[in-house]
Amino acid sequence: MRPLPAAPPCPPLTASSLPQEMELEPRGNGLEPVGHYEEIEISESSVNNGPEHIGPHCFELLRVLGKGGYGKVFQVRKVQGTNTGKIFAMKVLKKAKIACNAKDTAHTRAERNILEAVKHPFIVDLIYAFQTGGKLYLILECLSGGELFMQLEREGIFLEDTACFYLSEITLALGHLHSHGIIYRDLKPENIMLNSQGHIKLTDFGLCKESIHDGAVTHTFCGTIEYMAPEILVRSGHNRAVDWWSLGALMYDMLTGSPPFTAENRKKTIDKILKGKLVLPPYLTPDARDLLKKFLKRNPSQRVGGGPGDAADVQKQPFFRHINWEDLLARRLDPPFKPCLQSEEDVSQFDTRFTRQTPVDSPDDAAISESANQAFLGFTYVAPSVLESIKEGFSFQPKVRSPRRLNSSPRTPVSPVKFSPFEAFKPVASGDPMELGPPQPPPPEGT
């Protein structure tokens, strides 16, 4: 199961509402709309201080979209207050299971913090976060286009023009995260969702690492093996360059049908990533071959995007020569695939194993101790766009999963395990609480 999304801050950035003449300015490592991003500090006391008290009672369950050991993801409709009638995705997490599992606690903390802090056209938006005695709730925009994984599953491989479009949008999303000192670390088709228009949205931020700026490294062993950079595997210390390796592995997957280095088991897959030869099919164009070689450099300092230019260096590559980056960011370019949806409630792009189930949110009867509950202080959140709407109306303020194709190996996500479950939901300012021992020797250079 994977997390689902929410709506942008005010004003919402959509293909239909974005002004054609919107001014853009250089920011971080790319172009962003002037005035679109806003940092707003929200406390738990201020959120529910007005006429609308957000809780499970505000939402009607419609469908099950996903399910996992920690809880479920539902398609829901808001039935009262601001945004009445609007469709969202509601991720429900059981506190008891999260509090006793360091990996799940770290995942939840990181995802909640980053979804609040980072707003971008190609990153899923958090609308509300609240909690009850035994559960945590994340209300996110419902991305009805489903996973990019499902689209790739249906097509087998993408044409280069199709891959180029998706890779371009992902590049802007990664560049924006990096400009905020955030490394994504788990890029794969399953973590990329499509909205109703076919534009991508990055989801699942549990393996992100915050506060990694120029010169800083971290040593956490995490990600999904087939997409993990060599420097993560050998624990030599890594920075944002790992995301560009993963983008190269994703590009290879899109164009060939599987990641570049796979084998029948985890150990052999790791050996191939560290020492295997990169085999490029003859049908790839010279530009595609060139970019794949630059992404999949084992030495991160030689990898495209691994230098100070970050995403800007990636955008300059010949493979992207036909992309108008300003139009792309403004979502004025037509996606190669637009989901065929009958209504806002259409769930045809999701797995029927889940959507056919009766949506039931189990009773909240597993309250946890007061000390364990300290891990979830500060979890409550309301998006700035919702607060503005309220002000206008009222005068106040690693699992294992099967491969996509028979000839590829199971992709094995690996999660960080060292984390105190009693740390409050605040971004880590410095240090790495999840380091796994001293750095190891650097990986082999070149491809």
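From the backbone N, Cα and C atoms, a Cβ is placed for every residue, glycine too.
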TrEMBL annotation (region 'Disordered') - matching range among 1-28, 197-224, 253-280: 1-28
Position of peak Cβ density within 10 Å, selected from the binding-site residues LEU65, VAL73: LEU65
Where ASP186 (active site, proton acceptor) sits in the secondary structure, as DSSP reduces it to three classes: coil
Rounded mean pLDDT for the residues that make up the domain 'Protein kinase' (59-320): 87
Between VAL73 (ATP binding site) and ASP186 (active site, proton acceptor), the C-alpha gap once rounded to whole angstrom: 20
Rounded inter-Cα distance in Å - LYS67 (ATP binding site), ASP186 (active site, proton acceptor): 19
Length of the line joining the Cα atoms of ASP186 (active site, proton acceptor) and GLY71 (ATP binding site), in Å: 21
